[in-house]
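Taking it in order: structure first as structure tokens, then the write-up.
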Amino acid sequence: MLPRAQSATRTLPGIVALAALAAALASGCASPADEAGRGRAGARAGDHARSAVTAEKARVQARRAGRTHEARAAGNGTIPRGARADVVAYVVDGDTVALARLGRARLIGIDTPEVYGQVECYGRQASAFTKRLLAPGTRVYVQLGTEPRDRYGRALVYLWRRDGLFVNRELALRGYAQQLTIPPNVEYADLFRRAVAAARAAGRGLWGRACAGGSAAPTVRRPSFARRSRGYRAAGGTLGGRASVGDKDCSDFRTQAAAQAYFDAHGGSPTNNVDRLDGADHDGRVCETLP
């Protein structure tokens, strides 16, 4: 007969082994209800993941559809939701206006010929047309571009009259403006492209014989963002011989000397017509009608 302590020592490993075996059998022999529960939980997790992906896709598609719908609506005379009310103070030139609240604003997506410095073909007509559309006191609605201001502080806007007329598009459609696309402000680029194409096909305005048909291709500039200043500074590309620096107009300067200093500082010359400030004679002297 073994001592009681020795018997207990030999029996303990057997008990442990039996307990482990029982646990293994219990885990391997779960009831069908338990298995079904785990299966349902896994299925629910998978459904949630798929639902999240589907919802995100739906949101992306809705945003795209919204932008497309808004652009189409704008072309049909509908003022977009969220557009801000303002009042025209005066028109600077074909594509620049002064607004009571926003201040000086550049109509984006288009570019009209110059009327300051060396007057360009159809510049005066474009300016006069904008003045007819936007007499002082005209109530308007504005939508800021994705990039809301340029580096000179001008608001970058799409502009509608209260009657729904989309002024940016109207200038392009009537032949007073070329298309000028500077990302990220591309919200209505397709609309402007079609408007310019229609004007050109009809030989309207600057696309007519008087201006030798204008420039056939729309201009797209890739911006080099100057994060230390407000807005953007366009870099690369030209429009009618204009080096793309900042789309500054003679109307943005008070004196010829200030315009000349800007032109020279940005490498302007008779062969590098920075912002088209030199006009048509390319003599290196800019904005000659300014005081």
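Using N, Cα and C of the backbone, Cβ positions are placed for all residues, glycine too.
TrEMBL annotations: computationally assigned, not manually curated.
Here the structure is a predicted model, which means the values were calculated and not measured.
Summarising the annotation, TrEMBL assigns domain 'TNase-like' to 82-209. The feature region 'Disordered' is assigned by TrEMBL to 36-55, 264-283. Taken from TrEMBL, the feature signal peptide covers 1-32.
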Averaged across the domain 'TNase-like' (82-209), what pLDDT does the model get? Just tell me the whole number, please.
95
Summarise the region 'Disordered' (264-283) by DSSP state, stating how many residues are helix, strand and coil.
2 helix, 4 strand, 14 coil
